[in-house]
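Here is the structure we will look at.
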Amino acid sequence: MSDEACQIFKVMVSAGFWPNHFAFGSAIRACQDSGATGLKFGLQIHGLILKSPFASDPVVCNVLISMYGRCVGYVDYALRVFEEIKIRNSVSWNSIISVHSQRGDAVSVFELFSSMQREGFKPNEYTFGSLISATSSSIDSGLCLLEQMLGMVKKSGFLSDLYVGSALVSGLARSGLINYAGKIFEQMSQRNAVSMNGLMVGLVRRKHGEEATGVFLEMKNLVDMNLDSYVILLSAFTEYAVLEEAKRKGREVHGYLTRTGLNDLKIAIGNGLVNMYAKCGAIRDARSVFRLMVEKDLVSWNSMISGLDQNDCFEDAVMSFQAMKKTGLVPSNFTLISSLSSCASLGWIMLGRQIHGEGLKLGLDLDVSVSNALLALYADTGCLSECRKVFSLMVEFDQVSWNSVIGTPADSVASIYEAVGHFMEMMRAGWDPNIVTFMNILGVVSSLSLSELGRQMHALVLKYSVADCSAIANALLACYGKCGEIGECEKIFARLSDRRDEISWNSMISGYIHNELLPKAMDLVWLMMQKGQRLDCFTFATVLSACASVATLERGMEVHACGIRACLESDVVVGSALVDMYAKCGRIDYASRFFDMMPERNVYSWNSMLSGHARHGHGDKALELFTKMKLNGQLPDHVTFVGVLSACSHVGLVDEGFEHFKCMSEVYGLAPRMEHYSCMVDLLGRAGELGKIENFINKMPMKPNVLIWRTVLGACCRANGRNTEFGRKAAAMLLDLEPQNAVNYVLLSNMYASGEKWEDMAKARRAMKRAAVYKEAGCSWVNMRDGVHVFVAGDKSHPDKDLIYEKLKELNTKMRDEGYVPQTKYTFYDLEPENKEELLSYHSEKLAVAFVLTRNSGLPIRIMKNLRVCGDCHSAFKYISKIVGRQIVLRDSNRFHHFDDGSCSCGDYW
């Protein structure tokens, strides 16, 4: 009809008839309803009006103001027309006020309102409607202005007016003044769908879905519902506390809409149903409605794509995005946000980049929500440099933007400090940190272990009154635990009292473990059980990991028993941790048995068992397990290949090791990392292939780090003086990279000593002294019923020292009778042979085994050592195991040795 009216106007002018002000007004109104084409024709009519006597006619100008007001970017045109009116009337003022109100320009609205009153015009219902609309859209002072507006409406006698009352209800509800809105709604003598819809929208925004539904049910027989009423009702179901109830009611309304034919006739109803079902978790119903919709618009597709993303149907969401583009519809910011979110969840970075490119072409990349989605995409997929680039190009930020960039995973120490810098920048920009901000920044502080910065953040937490939030308290627990402030952890944990949740307990336990306070961690586990606190798989995995790190078998078995009582033994996370614990505590038989019993295994389970076999010198079993892993369909990861290559190294399978190293990238697409190259260097070094090591290192695609050079130097130490030059080169690189690490000096000194180059050894020791670094003292320890007993070489501080040394003397005599000869080459000092033999006799591991033998027991002897066992002690333990008829399990810094009846599990290849 609008297009037809415009055509008649054209014919009229072409025929020579000059339009009067009514004809001009009607033609302009027709242009308002014809979109961009209508605006173009409206501009032409305006040009014609300027040549006519009606250029300042109020009737014509008022309609022109209305036309320009509906078009984005033409507010100045509307204001210019208004200023050209010589004799303004109430309609003129209401029209221009309405234009600014529609744009949310509350300042201009009230300036015009003041001018209107100064010129003697009293506000009517349309004036108040525009004022209320502008006020409710004002973020900073909307609530205050609305309360003032309510007073003005009452004073002017318009409170009973349907139009003004509806505007007030809608404005108050949208601004969060639900109680005010409800009272006005109840006081209205006449109500309609508009007033009811306004109240329902406010309730839905405040997540009071049940109350919004109640308003609808109360009014359904009192007012004539319009299309918006049903759309709002459907959105109310998405805010129900119980989604099953929401789905039931939603299906009832869906049935009613289908019976009345509204579902088939109105696209907005279909969109509302798709949105409702998706947000209530009924994604199948949402798909069904969407599929049956005859006509779909951009909102339809956005609702479907967003619903699929929210219901974890990420691939379908991306496919729907692609299907939408084929229809010719142009994606909006909402389309991109949901599609990018799905790409992030799937890790589909290539498609994510393509969508980013489309956003750039459409100019949507500057939308703050789209930028936030891009930040999440690049952060979640590990593209941290691109994440930072997106943030640097953003022109507008919101709280989500700052939180995202602060919480971006760190790829270096510099990036961690960068996150702290962003936090400071956010504060300077006037943004107050919220709970998410504090969670993110406390995580950053934890990774840096910066206790002072942690205290500063704690002070800010108190300043912004969020300390009572359990999530923040838990984050502070984790932060102080990582920073070594265990006292602060205990204070926070005590203050939490009845508000402790699983995360609180786990954070406190992790704090104790991180600070090497395993007994306290275990006590807390027992306390949890006494209080009836549910122990989750994370708790058990954390404590088992701690038991494994210090090889506390008895404690680990106690935790295992607790896990059985908590019915968590079959959990794959707990199961994997148990396999790892038993393997690291020397019970590879228990680890293997439990692994075989696991109902479900993941890559961590396989890796734990495989690494356990490698660590115990069971290279053949490790490689056999690797074959089984592949046959079971479990893809290996980088950690798997560290275990495989270590297994090859410990049993001297050089060719097989290189085969696995090659297939790592060629078959599984896993680029070798520094630790894999280190395993290969170790493999060649143990096999005595020093000449091949240098060639291998030269072909590495990355620059060797300290791990590589230290492995090289260790290999040169075992070579008994061969290829000292290569060892010197490795030492030079190490001392350049880590001048304060005592291990580097010790290895260099030992290399010279093994080749009996005593002067060079002395120089290395003097260099170590000048650098003011000190060698870590070698020590061994055993866990007994009465506690942990620690020994150092030549130790005479133990209460049972006399018994220990007497037992050691007895063992030495028996070993010599069996043919034992002290291997003095492992004494790295230029001394007389008898002095060297005496030093070897009192190594810490020998004192430890002698101590255990002073106690009556037939159980295997389990000894831990912080350094690599020396060759002489290794030889002695073989003799001792045969003499006393007991198995000896020694865990050193590299691996496990199982001595039994005069032989070792390593086959003397270690």
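Any Cβ shown, glycine's included, is placed from N, Cα and C.
Taken from TrEMBL, the feature domain 'DYW' applies to 819-910. The repeat 'PPR' annotation in TrEMBL covers 57-88, 89-123, 297-331, 501-535, 571-601, 602-636.
Counted with DSSP, the repeat 'PPR' (89-123) comes out as 26 helix, 0 strand, 9 coil. Across the repeat 'PPR' (501-535), DSSP classifies residues as 26 helix, 0 strand, 9 coil. Taken residue by residue, the repeat 'PPR' (571-601) breaks down under DSSP into 23 helix, 0 strand, 8 coil. The DSSP breakdown of the domain 'DYW' (819-910), given as helix, strand and coil counts, is 36 helix, 16 strand, 40 coil.
Break the repeat 'PPR' (57-88) down by DSSP state and the numbers are 22 helix, 0 strand, 10 coil.
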